[in-house]
């Protein structure tokens, strides 16, 4: 109310502006400060590290673009980029639709609905040591999956081969992570007005048609958002790659972030690791801006 | 939030090299002082030196000692007793024990924030890395003034002697061995190979006990992470090969030699004979777990470490596990394996006073009866837990010395001590790991090994080795500066 | 199934079609299989914790222990003060949730519905932090906390918890979905913006808030690397205490005892999730009722 009444009144520029923006800024200030102190300061320092040979005893020495040259001259760098892109693509293909399907399926359940909504989220509380031990056993040549294949007369599947390693990781990651996305979709589904289903059913739309023309369009914004978030998350993946396969066999699962992590924590080349982080940042920013521009262009046309 | 989630993985990065994780008590108590441990004379040293008592006017110094995790109650009690004795002699020194276990994934942050202990324990592989970063100090001068320095086992000391300077004091050391699960041989009615065995004997034995349908492998080589390269290097050494040569201030890769080719061909033979687990992605812990499960008949590890785990954690009867040396390439050849161990080092970020005090504290009870007493107590307590004490094959002292004999006497007193066969010690030869960029070499070699383990059909092994050598040469060895 | 509120996509009539029935049955089967695979690691961990050491390593491993050795639990209590570390985890979680949801909520609300100068740039200021991998500034991050004197203090978790662009993005997305007219009319009624936030935006976003609380819980619960660096000894949260004291490389604690400890630590979140799921669900559907 106050806002509405104050704004039209002509007042000296600055003061009027402050009033006009008062609440908006007030709500933002704490976060602007928190992001600055706890993210931007370390990030800026990280960026500056990329131009230095980092040394905690003798002090850092400026090396210009040397770290960048080293990174770009490393053949593994390109392998890692390729692997990361493959991983992102596979994850999209195999994993992205799972939480959507699960959220829709679960919302149709008549019994244990609550339990089923939560169940996908359980793996996220399992300690890594149990989790990876379990998958090693699942993927074992004499483990449950291959025993089953054997039982139904199918050939053994080598989860550890160079060709299949990335695929094996996607299955594991999807299993482990789809629960959180499912929860977000369930939250989104809860907001779809029931009357829409009622109406479309009366119009003679079948179940598929209802999902296709009512449910999915209502989730569109959320799907896009989670798509972006998944792309960002998978572009930075390295945990299962490291713990299951150590980046192997023969670098087949060496992702960009695994290489970064290795530079920093196996070889203590913090400058190089920072340079890799900066390169990734630049690429992702360009990519995001391009996507935004494209989408805007599309909307106008 | 995302951040912490990603980070959480780091801590799990497989710990290579730590094969020498001893259950031997590290440094230990003594009521006696090393009389005559003359203090260093360097300009920095203003700290307490005379063993009897420090001058009352010495400046107060406080240092942080390397404590053990809570489950090692014996060791912590021993450490506290040692601290008390030391502080009684050196009232100006305050010592706080703090628990942080050395991890190569955490040391950087510890150093960046200067929160590592003043003295800490590390592994043989870390010498070059830590000294290059100046995270640990050169102990040459300090050792020169320590009376027992000459009694240290030279072999154990070797990995921490870099370009003539000594950076660490050995606690214990190991040579690589192959541990065999005898029960699997008996189950199949297969005779055990001779102790003086060859590569062919190993493959034959592996073929005989192998049972892929049941998930049992003849031999478990580590294939994931740097430990893959570490395991393979044993065969490189046994074939008479070297990782690198150093001349004119330059490091050159030499593992793509004829010996290297033979060693890699041996790995290819293992794969072709189908005697290794199909799951090649086995780190140190994974390989030992498979061995404990009876899913593999042979595994490669530092001295008695695999055996220790198999007996005390895997509860395999101590008579059912056997230790073999690394097989020789041909009959009558050498059984050379990689050596490694645990070392005490001094934090490079501490003040000179603290460094001196930490050094005095570390060496205070080397070569004393108290250390032996603590071993005695440890064996007794393991007996109560129904465990077997597995000594390290190599210690910081020379086995032939007086001190070594006293140690042998203590071991002989107990019946829950694992006895190495004397023939094994005779056959075994151990050779330290490469000095420069060893991790990079292990890591690159791991890729080549994985290629061998996962490729079908023929491979040009020489080309594979040459490519690997070229990559390590360009990426790492060429960047080494030798002063 | 009585009111329109309770129905979802399918209605009772759909179930008369055989095709729908078959697909539905298949779907239920899939959900059951998925649920079983999710529960397996819990059951397995628990069973392993009751085995003898020999049985723990037996191959092929029996699922059930032949003797249920509850003594493993008794022994495990010697190694860790679970209650103390559990309390630390809860403290961290509570503070994190409060700070992140309060301040991120306000900021997201502001970006979605209030007048903000240079809104695009401010949004970019927040969101671009998603694009730089945390590992590449891990060390500066740690040094930063040290410089601020926050090490070994709960504030080292609470304050940075607010710097979460991922949550901000999700919250903003949900607030965007609330009709502007609701706030307009509230303003006309004389409500302050803060009131609008509390009484309109927050209740309508209950589903996403509940989701974020859950996400935050599992993140706090699982994080052991960062917290083991930031906190020390008695202030360590449970996961960090377990990783540094129980299952660190070189630990000689028997595996069955280690699993007993792990089982105990799995219990609280499992209880929270399974027994309180009805409240979680009611949170999730709260938004639907009003929206």
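Keep in mind that glycine also has a Cβ here, set from the backbone N, Cα and C atoms.
Residues or ranges marked as transmembrane segment by TrEMBL: C:21-43 (among others).
Feature annotation from TrEMBL assigns domain 'ABC transmembrane type-1' to C:86-276.
Annotation source TrEMBL lists transmembrane segment at C:90-112 (among others).
Away from its own ends, the transmembrane segment (C:124-143) comes close to residues 107, 163, 165-166, 168-169, 229-230 of its chain (Cβ-Cβ under 8 Å, at least six residues beyond either end). For C:124-143 (among others), the entry in TrEMBL reads transmembrane segment.
Among the features that TrEMBL reports, transmembrane segment is placed at C:155-175 (among others). For the transmembrane segment (C:155-175), same-chain residues at least 6 beyond its ends with a Cβ under 8 Å from one of its own Cβ atoms are 92, 95-101, 103-105, 107-109, 111-113, 126-127, 129-130, 145, 201, 205, 207-208, 211-212, 215-216, 220, 227, 230-231.
Residues or ranges marked as transmembrane segment in TrEMBL: C:196-217 (among others).
Per TrEMBL, the feature transmembrane segment maps to C:257-276 (among others).
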* Asked: Counting only residues 6+ away from its ends, which parts of the chain sit with a Cβ under 8 Å from the transmembrane segment (C:90-112)?
  -> 119, 122-123, 126, 154, 157-159, 161-162, 164, 167-168, 171-172, 175-176, 178, 197, 201-202, 209, 212-213, 216-217, 220-221, 227, 237
* Take the transmembrane segment (C:21-43) and find every residue of the same chain, 6 or more past its ends, with a Cβ under 8 Å from one of its Cβ atoms. => 10, 15, 63, 266, 270
